[in-house]
Each structure stands twice: as structure tokens, then as C-alpha cells.
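What follows is a single structure, written as C-alpha cells, with notes after it.
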């Protein structure tokens, strides 16, 4: 036993010497220095590039191009124009939550297909119109349409959908707030209406009291009405008799008017004949007067000629006195004088006849004019007779209706008498109801006044409107807040980087060497495990330093963070070391398979509960699951019991991997196990 222990001490010491020798060999060879230098930064390169790319994608959403197409035509609500689409576009311009591009529909669809836009948001034509149906019996939801192209980038579509869902909530809240403002305005109008109703109820109470006072007067009036109805009914008998006499007189008057109209017709015909005869008489008188005037002119000419002959004969006798004794001549002269005298007498008579004819012609003309005027008056009289006959016909028809109405009046008076008696009986419950109305109107006035005071105290403050539009609000209260996406993904990227660093190390640092043959398996194990772990140690310090002071990741405990980083790095190195010791070059392939398996089973991205059941089962067997959970404890949650549980699990993995590797290497025949400095081929 003592010799075995001494042998182990010698092998371990020899292994440490070979470990130092390998590092000195690396320091001397340029290619080895370059290879190891790159190897030391592999975890940082891997984890750092992931963190840079995913550090804060949600903080850069204003760079995500989204096409917005506003097709809304607007509407009217309460007589006011409503343009919800334009308001939404204005809000998007101010919000800048995404890189919104306000374009035409064709451009938006083309951009979505070729990847220029990651989302298309379309505001339909009837968007505002459907908003106005909010207060209808059957309101229609306003649809905000969006399209994504998951084939280009699925995550971008999911991010955009979340942003649009938030936008939808904001629009819905604004619509609800607008409707709530209208409701509160209605409350104010209701308050005014209740106040007016209270005043009206008070006035009703006062009026009811006055009506109650006047009810006694009404009862007295009803009594008088009953008495008057009885008297009126008694006086209807003589009125009925007079109505019958009036109807008979109307019949006789109607018959006389018909005879009068017939006489007027005959008189008009006779007058027309008389007027025609007068016109003919005037025409004949005019012709006779014209003939007499012509005859009177001829008589005047004869008189003038006879006087001229008599005058010339007298002149001739005076010139020839000797002819005075001529009897024949004297006879001629005497005849000429007689002819002149007779002609003058005839002329005078003719003139008198002409004057009398003119006077008669004037009288005939006046007679014709009088007959014409009489004819006009006669026509008017005939028209009046016809109107009288027509009026009497209407009067007769009216008399018939009057008789019918008189009969109804007679019946109504009888009903009035009966009704007045019933009215007398009904005033008793009316008086009782009036008392109840006075009491009820007083209570109504008080209630309406109180309701008006209550509703007038309701004011639509901003906080109250916000409560109605957003009655339920999500209040996020994270237990362990994470500042950004990069910090949340740091555990996953860090363990991947450390595993990849160990995997690359297994390809750069060979196991078999041709120099230093005859080295025992234990010495070879100590040499290689120390070399691998030293590489892992430096890799861990480099990547942790950059994450803590380069990226500024805040951890709850730096020592615990470094301890867990070393535990994870050593776990991966020893695991790969064991696989290479077990399978040789195939062990590296096995390590790659193990890495790929842990990408899905470690729970670094989505919760393990969302993975298939066999993935959940495998995750419990692999070390990366515990490393990810441990880093989350030291970076964000502060669950130290979980931290120590995961760290202990990693240390257990290290112990198992080291023991298995030591058993494999130490048990090998030392003639089969050779060592050579790192950096040489082998």
C-alpha cells in the first residue's frame, strides 16, 4: 500500500513536470502561441458575438420597418366628423414604437413580399364607420388588419404583432373614453332634467293644491250644469217645432227661386228680341233722316231757283214798264211769285220735318241704349237668380245637415243631462284622488330634487374617464427584473461559449506524443488534465471579465459568479477529456453530439415545459441544464439554494468525469501511453 502511494506521488509529480514543460513548449513556438491564444478567446468570441447581436433587440424596435396603409374614409358621430384612421396615423407618427412607413397598398404588399417591410398594417375603409356603431343595438367591431411574412423573419412578425396588439388596445381605450365622456355629458343633461322635473313637480304640487281648492267650485258648477241641462232639454220642444216650420219655408223658397229663374230666362229672350227691333228701328230712322236731308236740299235748290226766276222777272218788268200791260206776262210773273212762295213754304216744312226726324232718331238711339243697359241688368239679374237658386240648394242641403245635427244635439242634450248626473257622482272619488295627488306630488318633488343634486356631483375627471376606459390594467410586478434581452440570454450564451471553448481545445491539444515515451498513465493523466483545466481557467477569467466590465452585466455576487463559471467550464472540459480518453477521435464527435443535444434540452431560450417530454427527461441528465439555472440564480433571481444545488451538481459531474478519465488513462499500459509536448502533431 505504501509503495502504491509512493508510486502515485511520483506519477503526479512527473505529470506536473510534463504540464510545465508543455506550457514552456507553447511559449517557445509561435504557432503554438497563436493557436493557444486564439483558443483562449474562443468562449469570449462565441458568447460575445451572441450577446452583441441579441443584447437589446426590443430597444431597437424603432428600426423595424412596418408599412401602414390608411384606407379609412371617415364617418360622422353626433353630427361631428370622425376620422379614427387619421388619428391613428398621427399617433403612430408621434409614437415611433416601430419604423412606420405610410405608403399605398400596392407598395406595402410588394414590400412585405420582398422583405422590405416585416409587417403590413391596414386600416379598412369602414374603420370609423364601425366605431360609430358603438352605441347601436348591434355594434360592429372595428377591425385593424395586419399581415406578416413569417417566411422572411418569424420573430420580427411576432414582435410586430405584439406592438400592433398594444396599438389596438390604445385605440380601443380611446374609443371607450370618448363614449364614456358622452355618457357623463348625458349625466349632466340628466341632472339638469331632474332639476327641471323637480321644479315642475313642485309646481305640480302647488297647482294640485289650487285644483283641490277649485274642486268645490267645480262641484257647484256641475250642479248648475245639471240644472241647466234639464232646462235645456225642456226648451228643446218649441225649438223643434220652429225647426220644422223653417224646413217647410225653405222648400217653398226653393220652389219660388226655381220659378223666378224660369221667368228670368223668358224675359231675357224677349228683351233680346226687343233690343234687336230697336236696333233695326234706329237703322231705318237713320236711313229716313238721310233721305229727308237729301230731299230738303233739293227743295232748297228749287226755292232758290224759283226765287231767282221771280226776281229776274220783276227786274225785267222794271226795265220794261211797257210790258206792265201785258197780261200774259203779268200772269207769268204772278205764277212765278206764287211758285216762289210755295217753294219757300215747302222748304220751311221740309226743314221742320227734318228736325222732327232728328229728334225721333235721337229718341230711338236713347231707347236702344236703354234697352242695352236694361239687357245688362237683366243678365245680372238672371245670374243673381241662378246664384240664388244654387244658394238655396246649398241652404237646403245645409238645412238637411242642420236637421241631422239638431237631432244629434237633442240626443246630446239628453246625454249631457245623464252625464252631468254621473259627473256629480264622480266628483267624490276625484276629491279623494286629489288629496293623494297633493301628497304624491310633494314626495316626487323632494325625490327629484335629491336625484338632481346627486347626479350634479358626478364629474368626468381624467382619472375617472381613464378608469372607465381601462377598468382593468395589467400591473407588472417582476420578482427579479432583467434590464434587457442580452442579460436574460447571458446564461445560455455563456455556457455555450465555454462548451465550445472546451471542444476547440480538444482539437488543438492532442493526447498522444511520440516524445517522452515510457511515461506512466497517471503522469499522462495529470499532465493532460492540468493542461485542459488551465486552458479552461484562463478562458473563464477572460470571458467573465469582459461580460462583467465590458458588457456591464450586473451579477448579485461576483465570487459566486466566478465559482459557477469555473465549475461549468471544468465540467465541459472534463467531459470532453473523458470522451476523448474513452473513444479517441470519436470522442470529439460524441462531444459535438452532446453539445447539440444540450442546445434544446438546457432550457436556455424557451421554458422546458414547452419542450417534448423526452427533451424534458434528457435535460435532467445533462450538465448544461444545471449550469444555465445556476447562472440565472447568480445573475437575476438570487435564489442561493438553487445556486448551490446547481453548483453542487456540476461539481458532481466534474468528479465523475475525472474519475472515469483517470481510470481509463491510469489503467492503460504505460508502453501504450506516450506523451509529447503540446503543439506537436500526433
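In case you wondered, yes, glycine gets a Cβ from its N, Cα and C as well.
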### Task
Scan 12-33, 34-55 against TrEMBL and say which stretch is down as transmembrane segment.
34-55
### Summary
Matching 446-468, 561-583 to TrEMBL annotations, transmembrane segment lands on 561-583
## Note on the structure
Within the same chain, the residues 6 or more beyond the ends of the transmembrane segment (529-549) and with Cβ under 8 Å of it are 15-16, 19, 22-23, 36, 39-44, 47-48, 51, 490, 494, 497-498, 501-502, 505-506, 509, 555, 558, 561-562, 565-566, 569-570, 572-574, 576-577, 658, 661-662, 678
### Stretch contact, the transmembrane segment (650-667) with the transmembrane segment (561-583), Cβ-Cβ under 8 Å, 3+ pairs
yes
### Message
So if I exclude everything within five residues of the ends of the transmembrane segment (489-509), which remaining residues of that chain have a CB under 8 angstroms from its CBs? That is, six or more out.
### Response
35-36, 39, 42-48, 50-51, 54, 528, 531-532, 535-536, 539-540, 543, 547, 551, 553, 565, 568-569, 572-573, 575-577, 580, 587-588, 591-592, 595, 598-599, 602, 604-605, 624, 627-632, 635, 678
### Summary
Same-chain residues at least 6 beyond the ends of the transmembrane segment (561-583) with a Cβ under 8 Å from one of its Cβ atoms are 43, 494-495, 498-499, 501-503, 505-506, 511, 528-529, 532-533, 535-537, 539-541, 543-544, 548, 555, 590-591, 594, 623, 627, 630-631, 634-635, 643, 646-647, 650-651, 653-654, 657-658, 660-661, 664-665
